[in-house]
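Asker: Features from TrEMBL:
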type	residues	note
DOMAIN	A:5-33	domain '4Fe-4S ferredoxin-type'
BINDING	A:14, A:17, A:20, A:161	[4Fe-4S] cluster 1 binding site
BINDING	A:24, A:142, A:145, A:157	[4Fe-4S] cluster 2 binding site
DOMAIN	A:74-105	domain '4Fe-4S ferredoxin-type'
BINDING	A:83, A:86, A:91, A:125	[4Fe-4S] cluster 3 binding site
BINDING	A:95, A:115, A:118, A:121	[4Fe-4S] cluster 4 binding site
DOMAIN	A:106-135	domain '4Fe-4S ferredoxin-type'
TRANSMEM	A:236-256	transmembrane segment
């Protein structure tokens, strides 16, 4: 297996241009998502989905301005969200057909010729990333441009990002770079700067696509402490086994304990 | 300190315009909840068929065999229809993935479906006259064994198997083999049946949906109870009341198990369990509870009364269905409101970062 | 900048990472503000107050870079006794003629030394007001005396420094707060940062876009910034300057090789039928003989030789008579009025969509409807080509399709990936672009279209004398490919020019006035040096110096920073090690450095021009601004501007606020059209809000290139207006709902985005609300998304120097809900017009 590749999305330099969204759709030939004015700042994309593999969030924040008393936005957070390519990927775990697989770059990809559209991966993802395209019936998500990587190219979103808010590279290098960046931001007084998804100790074993955020994850629509659901799977089976045995016992009891005969 | 003010929709806790963090299950009504119902019905019906066969309840055994086979077959059909690409249904059996309850479940269901179908076929075949006799005979390995307790039932199985050698197949030889194979298959459904009835709880618990995942302890019992109620009800309805005593007992026990599991679930989940109590899911779950408890009580008192039995059976069937619809709906509601995702995770983080951090801290060790 | 130039903004992000502080001044908190260190909200149309106050801050506290200012600017120059400031005349400069509404600029001149220019020669004022004459100063200033009287102590009351000091004395932080709505602490922070980051060791750059230009005082906005930058020593130095960000790809190129009516390639004046006789007369009137513009005869003759080749001889003035003549204002909006009046019969619209993209859309469409013929070349069937079928005037019942006689020809155009050629971007950098694929179907490049149209026309010419200029044109580019595409490289080589030996020239100093050289645009001379397409160079930045001289090619002569002589002190030494850029190497006796020195390479710093020297020989060794006739940076503009030698604050033509400085409310010289098709908003309470327009990252201009593309259209699917929470509350506007915006020109409906990024400002003691509208939508144009035309709301009022429309600041009213439909729109407008 080749070196593990990943994304580091530094939201402190995201300018919300959405070039990542467009480049992603162009390269991967994704359909549009409809033309709906959402009135949620400049975000008319809303969420990641089967046809949206990069999503730029826009968060307007304000504090009271003393003079004049009028509130004004003084912080506009922007962040390009993407599939996290988890170390422990729930979508991959729960996929019953093997359509989702781990590539040689340690990324998680759907094989669209295998996926039968069972939809199980959709609620399994702790980040709400993967989704099924209803007209097509299959599940889709970011491939970290598997095809481009095979050709030695960086993913389309990272290529298009004008400010290098989206960085692509070997995950270890990205983690080191991110650590430096967050240290510097904090030193500059940006105490809210934090990394999200970079730690191999988190609930998904570390994300292949991690972020530098300037506020709590939920502000960006990200789960604050995601855990891969299959972590509890052995326990689930044990409880299910107990329930099954209980049912068997109860049925037996019903038959054996029922005095009456026909 | 920055004061948060959502310029657009107001929200009490922090989220991104109140949008869900996770994706709601995309499974449709009525397919998915009906499948959950049918799977439960099939699974416990198999257990009942086995017990009926062993304890000499031929009428009940036939009903249970048919219910088990029909439930599995219809359920599989619904599952296939639920797929985005139904033509690729068989891709489910392309691999066996222990980390995927759906993969495991597909194999269980395939086994259950096949075995229960053979069990019915065998049962029906045993009706065929050896030399053009008329149908209508009571099922069973032999009329004499009908009243025997379990030991005798087992003996019946064995004698059936033993008789195999003697009954060499002639022109209708394969048909002749069927009753034996049917019984063997039936016995096997004694294993696949309970799994069919409960794996679905793991199936939905193994998601990021808080109301499902956090309920992984109680859901299997809830499902098992609901399945017993469903199977019991179906057998009550499909069997003359005089032959349906154990079915009523299964139904009543199931109703009790479901009710207790539901109560425990809601109590333990607290805030995360809110979707089971509110909205459309809450209404469905409340209706389910009334029907289940009512149906269960009726089953106890119905005795051989046709009307009460019918009422009980219908109530329990409806109750089981309502439960399944309610659980799907609760999952959807749980996923749709980000507070169910964010608040518990935030609390967990806060607990970890507080000085007297709990034992919960530390690396997550996923199963895969 | 992040909004409209996201790719360029990467350099701001990089500068920030290296420690630069970024301030953003804008009516709205935009994507740029999001990444700035400090955002300052400002009332649209009040920028001169802010910049003027910075100038006052510098002058009052003597924070100017004195050595630079003394040596390189006209601060010490004495101005004519006849000059009177706006401070003396209540908002008018001396020379105002209320009859014609124009200035006589002669009183603005430097104190007379020797021979004075005739009234005919005096540039600026009335003369340039006729036809946006100031456009010709795009590559250097107009003529002024090369060695005027000066006072190096800067104490003479009539020296430029003292005039500036008096002029800007009233531009205080209090005035900034009162007129711009910028709180005093914000201004203080900006003033401190700008001055602390200027001087020997540091430089400050200003970046602007059409937020500064699209005003009735647009040119003066830039002038104000120029004064500030010259005082602080930030011109001609690395990290300094004033950067114009353009509205489209190659807009810089389209003024260098102009698509404007009033200039020829290289900013040479277009001959005027009323003013110019032959070549000599033209040259006598247009510009002086000093500075590099002193060579203009060589530039023009080489251009004429490029166009008419062998036919151009000394005997026939090199075919100067073949050039078309203008007779006055043939600008965009005057042309539209001519269409409405029936004096303009035909119209080529190429890559534009005036029915949606120009101010006063209704007047535009009424003009289109009154043509004999209209040719539209575009990528999609834009609204300008379909106005007769589905325009808004049909909905209101003002026009009917069967009454429109215009014959419309729509010709599909090739996109930029389907043709080769150059883009000239904002820093004068030419970059060659290869063709990725042949255009599909009937689509063709502009080059193909005009070249083959020219060939067809020439086939039909007679021996008639009137056809001679077209008949004698050189029109023989090599053709290639299935579509017989003319060679763009051959055109570029023709622009570069060739010498007597037939080889490509290397630099414009090789141009001769005797007809021995050809050059299609003198400032581009060198782009094909050594017969190599220099614009096609793509050497990566990591393989060369930070200046990256081998990435593309910059005019003039591949200089990356103009006037970079100013990066060294008068003796030719860098002002500081940190800011070293070019310097005099005494040993080798020449200028050297990281960039191509923007001066004569062998001219020592100590060079003093002899009396009566010509062209560049008239410039001293210390003169960095070599395109100026005196080699100096002009803090004060003695000649060339139409509306005054100094910038001063006037309110926009439509403003809810009175001008507290003068009784003169708006720029007196502004260009107005009093027409029923496009009336102005009455002053007073009927239109209480400030309206400003802008673009979004997700769309391009009038939307023809973005609305038909699903991936872009879905990102911003509907026209919306941005309003503050407070205004929304006052008017009952609901986020995500609808609002109707009204001016006396039009009624437009938009979705509502309630956002704290728009702040109510306290101006003149009361709250002023601003409403923002992006302008990308139209009713059709093959768009996947449609919407009302924001530009229909605009007034037709222009900056008098360059004829840009004032579309950044006007007044409006806002109503909750959707607009009326059909003829009811007209009723609503009627009510507003009647006040």
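In case you wondered, yes, glycine gets a Cβ from its N, Cα and C as well.
Curation does not apply to TrEMBL; its annotations are automatic.
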Asker: Going along the chain, which residues at least six beyond the ends of the domain '4Fe-4S ferredoxin-type' (A:74-105) come within the CB cut-off of under 8 Å?
Answerer: 1-7, 9, 11, 14-16, 20-21, 41, 48, 53-63, 65, 111-112, 114-116, 118, 120-121, 124-127, 129-130, 139, 141-142, 144, 146, 149, 157, 161, 165-166, 197, 200, 204-211, 213-215, 219-222, 228-231, 233
Asker: What's the most sparsely packed of the binding-site residues A:24, A:115, A:145, A:157, A:161, counting other C-beta atoms within 10 A?
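Answerer: So among A:24, A:115, A:145, A:157, A:161, the binding-site residues given, the one with the fewest Cβ atoms within 10 Å is A:145.
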Asker: Helix, strand or coil: which one is residue A:17 ([4Fe-4S] cluster 1 binding site) in, per DSSP?
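Answerer: Reduced to three states, the DSSP call for residue A:17 ([4Fe-4S] cluster 1 binding site) is coil.
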Asker: When the domain '4Fe-4S ferredoxin-type' (A:74-105) is classified with DSSP, how many of its residues are helical, how many are strand and how many are coil?
Answerer: 5 helix, 13 strand, 14 coil
Asker: Taking all residues of the domain '4Fe-4S ferredoxin-type' (A:106-135) together, what is their mean pLDDT?
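Answerer: That region's mean pLDDT is 96.
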Asker: Other than A:95, A:115, A:118, A:121, which residues of the chain come within 8 Å of the [4Fe-4S] cluster 4 site, judged by Cβ distance to the Cβ centroid of those residues?
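Answerer: For the [4Fe-4S] cluster 4 site the neighbour list reads A:91, A:94, A:96, A:97, A:99, A:100, A:110, A:116, A:117, A:119, A:120, A:139.
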Asker: Which numbers of helix, strand and coil residues does DSSP report for the domain '4Fe-4S ferredoxin-type' (A:106-135)?
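Answerer: So the counts come to 4 helix, 5 strand, 21 coil.
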Asker: Measuring CA to CA, name the entry from the binding-site residues A:91, A:121, A:125, A:157 that ends up nearest residue A:14 ([4Fe-4S] cluster 1 binding site).
Answerer: A:157
Asker: For the binding-site residues A:17, A:83, A:118, A:125, A:145, A:161, which residues show a Cβ-Cβ distance under 8 Å to chain C?
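Answerer: Of A:17, A:83, A:118, A:125, A:145, A:161, the entries that lie near chain C are A:17.
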Asker: Given the binding-site residues A:17, A:95, A:115, A:118, A:125, A:157, which pass a C-beta cutoff of under 8 Å against chain B? Sequence order please.
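Answerer: So the ones by chain B are A:95, A:115, A:118, A:125.
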Asker: For residue A:95 ([4Fe-4S] cluster 4 binding site), what is the tally of other C-beta atoms lying within 10 angstroms of its C-beta?
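Answerer: Residue A:95 ([4Fe-4S] cluster 4 binding site): 30 neighbouring Cβ atoms within 10 Å.
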Asker: Name them in sequence order: residues not among A:83, A:86, A:91, A:125 whose Cβ is within 8 Å of the mean position of the Cβ atoms defining the [4Fe-4S] cluster 3 site.
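Answerer: For the [4Fe-4S] cluster 3 site the neighbour list reads A:84, A:85, A:89, A:90, A:92, A:108, A:121, A:124, A:126, A:127, A:129, A:130, A:141.
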Asker: Going by Cα-Cα distance, which of the binding-site residues (A:17, A:125, A:142) sits nearest to residue A:118 ([4Fe-4S] cluster 4 binding site)?
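Answerer: Sorting the binding-site residues by distance from residue A:118 ([4Fe-4S] cluster 4 binding site), the top entry is A:125.
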Asker: Beyond the listed site residues A:24, A:142, A:145, A:157, identify every same-chain residue whose Cβ lies within 8 Å of the center of their Cβ atoms for the [4Fe-4S] cluster 2 site.
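Answerer: Residues close to the [4Fe-4S] cluster 2 site, other than A:24, A:142, A:145, A:157: A:20, A:23, A:27, A:28, A:53, A:54, A:82, A:143, A:144, A:155, A:156, A:158.
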Asker: CA-CA, which of the binding-site residues A:24, A:121, A:142, A:145 lies nearest residue A:17 ([4Fe-4S] cluster 1 binding site)?
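Answerer: Checking each of A:24, A:121, A:142, A:145 against residue A:17 ([4Fe-4S] cluster 1 binding site), the shortest Cα distance is to A:24.
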Asker: Within 10 Å of the Cβ of residue A:86 ([4Fe-4S] cluster 3 binding site), how many other Cβ atoms can you find? Include all protein chains, please.
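Answerer: Summing over all protein chains shown, residue A:86 ([4Fe-4S] cluster 3 binding site) has 27 other Cβ atoms within 10 Å.
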Asker: How many other Cβ atoms sit within 10 Å of the Cβ of residue A:17 ([4Fe-4S] cluster 1 binding site)?
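Answerer: There are 28 of them.
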Asker: Cα-Cα, whole number of Å: residue A:142 ([4Fe-4S] cluster 2 binding site) versus residue A:83 ([4Fe-4S] cluster 3 binding site)?
Answerer: 6
Asker: Using other CB atoms within 10 angstroms as the count, which residue among the binding-site residues A:91, A:121, A:125 scores least?
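Answerer: Each of the binding-site residues A:91, A:121, A:125 was scored; lowest Cβ tally within 10 Å is A:91.
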